[in-house]
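One structure coming up, written as structure tokens, with questions to follow.
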Amino acid sequence: MAAAAPSGAASAELVIGWCIFGLLLLAILAFCWIYVRKYQSQRESEVVSTITAIFSLAIALITSALLPVDIFLVSYMKNQNGTFKDWANANVSRQIEDTVLYGYYTLYSVILFCVFFWIPFVYFYYEEKDDDDTSKCTQIKTAFKYTLGFAVICALLLLVGAFVPLNVPNNKNSTEWEKVKFLFEELGSSHGLAALSFSISSLTLIGMLAAITYTAYGMSALPLNLIKGTRSAAYERLENTEDIEEVEQHIQTIKSKSKDGRPLPSRDKRALKQFEERLRTLRKRERHLEFIENSWWTKFCGALRPLKIIWGIFFILVALLFVISLFLSNLDKALHSAGIDSGFIIFGANLSNPLNMLLPVLQTVFPLDYILITIIIMYFIFTSMAGIRNIGIWFFWVRLYKIRRGRTRPQALLFLCMILLLIVLHTSYMIYSLAPQYVMYGSQNYLIESNITYDDHKNNSALPVPKRCDADAPEDQCTVTRTYLFLHKFWFFSAAYYFGNWAFLGVFLIGLIVSCCKGKKSVIEGVDEDDSDISDDEPSVYSV
């Protein structure tokens, strides 16, 4: 018997869902283009690095946008009473699951290509381009040589993920050949899911470290900076003028020692050179301050000051909501999970958190959960960007690049998008940590037998009643999202994410204390002695 087709209203809802997803893709591309163009250097803009940065960031955001689609489809196949819809037979359900799975295969494969091939090649190409004596052929060869190292790492991750069996042979006395044969059978049965999942989980683990470093600090720095605002340009200009006069007096004092023709001692020569460099920096600051003080953008930002305070208060409240939800979710895992060997999986929600309760409710009113997931992802992007701008890009104790609006070099832009790509990958697990049941099953219910006693007949009757799907639900009654399969294919990654969440909470609290103790930012923050990305004749009005 042929499966029934979805009803007219249901089909319309499905079409609307895919239309919203299409509009979301266009919005993601527009956002990435504006975002990259906003930060790239106007003097060192390169077409290839710009396209690479836009494309890689867009792929990461599109992958995150697939999360609510995955959750919507598994929820859409069931009624609220716990029964499957007429058209959702085993074949249709399998087709829907495979479609989402192939979508993840494609997007995650593109992400691996960006991280291990495209971005490294473009980065090293422009690193070699800084040398004027290097030909294009030499640039390409050198970039390709360094990119091969990343390709080897990618191949190793895929091989390890493919040949790490998730099950162990039952027969402990099996021969070496039987063990090897078992590994190949495991590889064939997984259809490459384990290999891709291991590679993506490895990148997500790096994204977790980036989120702990940048996002956790940005969640406190961004709202407090909006609330506190920046220092007055007029007041900073007055202070800068006083500093210029003081430095000029020191220079005149040192130069007066050589008026009679006597050479200056080496100590005075070093001091004179330092004061002259300091004077150049102060005069550069003077030009920037004068430009910003008289610009229309400064006046416009001053008019928006009350709105910035409101946004700052809103962002700090959202940050507290996330932190409380993440703390309760991690505490629930610590108290009620199956242990570290299972990746701290929990059967049901023993300690409810606000987001875990809110998302399933919003899913009943389409497409409110789409909107909330989009807001969460964009919030992580903006807070991560705030953390990167405040901290900069470092390699241990060596500062590699600064991120400045309109003054970011092509190499720094590629680093920036690489970090944001990894953070967005980790966002999917962060959302799972905040709302585990929602990410696993959406709003699915399943039927359980419940004994009901009737007073008139004094007997018991077993009636099926709907119950929310959780990890303890039967496999044939609740469909797990493909996102969850990718996130939890290997238990040791889940365990690492669990401990990473505690580190995230700790860094947030430290960042909150540091941000509260810091004063207002300079209106031209970044114009200092070691700021080589700033041109003397290119003051940026957007730094206020």
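Backbone N, Cα and C define each Cβ position, glycine as well.
Automatic, uncurated: that is what TrEMBL annotation is.
As annotated by TrEMBL, transmembrane segment applies to 15-36, 48-69, 102-126, 146-166, 193-217, 309-328, 370-400, 412-432, 490-514.
Let's see these features in context: how buried, what's close, how far.
Under 8 Å from some Cβ of the transmembrane segment (193-217) lie the Cβ atoms of residues 101, 105, 108-109, 111-112, 115, 154, 157-162, 164, 166, 186-187, 380, 383-384, 387-388, 390-391, 419, 421-430, 485-487, 489-490, 493, 496-497, 500, 503-505, 507-508, 510-511, 514, all in the same chain and six or more residues away from its ends.
Residues 219-220, 222-227, 229, 351-356, 379, 383, 430, 433-435, 501, 504-505, 508 of the same chain, all 6+ positions outside the transmembrane segment (309-328), place their C-beta atoms under 8 angstroms from a C-beta of that stretch.
Same-chain residues lying 6 or more positions outside the transmembrane segment (412-432) and placing a CB less than 8 Å from one of its CB atoms are 36, 39-40, 49-50, 52-53, 56-57, 59-61, 63-64, 67, 111, 114-115, 119, 122-123, 126, 200, 203-204, 206-208, 210-211, 214-215, 326, 373, 376-377, 380-381, 384-385, 388, 393, 400-403, 439-440, 483-484, 487, 497.
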May I ask for the residues of the chain that lie six or more residues beyond the transmembrane segment (102-126) and have a Cβ under 8 Å from a Cβ within it?
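Same-chain contacts beyond the ends: 46, 48-49, 52, 55-56, 59-60, 62-63, 66, 139-140, 142-144, 146-147, 150-151, 153-154, 192, 196, 199-200, 203, 410-411, 414-415, 417-418, 421-422, 425, 482-483, 486.
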